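The domain 'ABM' annotation in TrEMBL covers 5-92.
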Amino acid sequence: MSDSVVAVVTFRPLPGRGPEVVELLAPIIAGVHEEPGCLLYALNEASDGSFWFVEKWATAADAERHSRSSPALPVLAERLSPLLEGVPVIVQGVAHPLGDPVKGAL
């Protein structure tokens, strides 16, 4: 088992607000990339207009620090929430790289 922590965060913008969401997130994501232990923080968009982040943190402590004290999170709550249908869904867990060490892990 790996010490890294992976999270997936899914959310859906209000109709027509997807481009605004991407524009808002660009500088925020750049800041998160500089946080200690951030190995991956990638935004993705599905064909149905929903979005998801894939996050990977080096350790559980890094993931916890991000969730408790990242300067990005209050900004997201204030500026992103009004652009969304509902609240984001966060699923977090420990990575289990299986099979090929490169292909079996984020």
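Here the Cβ of each residue, glycine as well, is placed from N, Cα and C on the backbone.
Summarised by DSSP class, the composition of the domain 'ABM' (5-92) is 38 helix, 33 strand, 17 coil. For the domain 'ABM' (5-92), the model's average pLDDT works out to 95.
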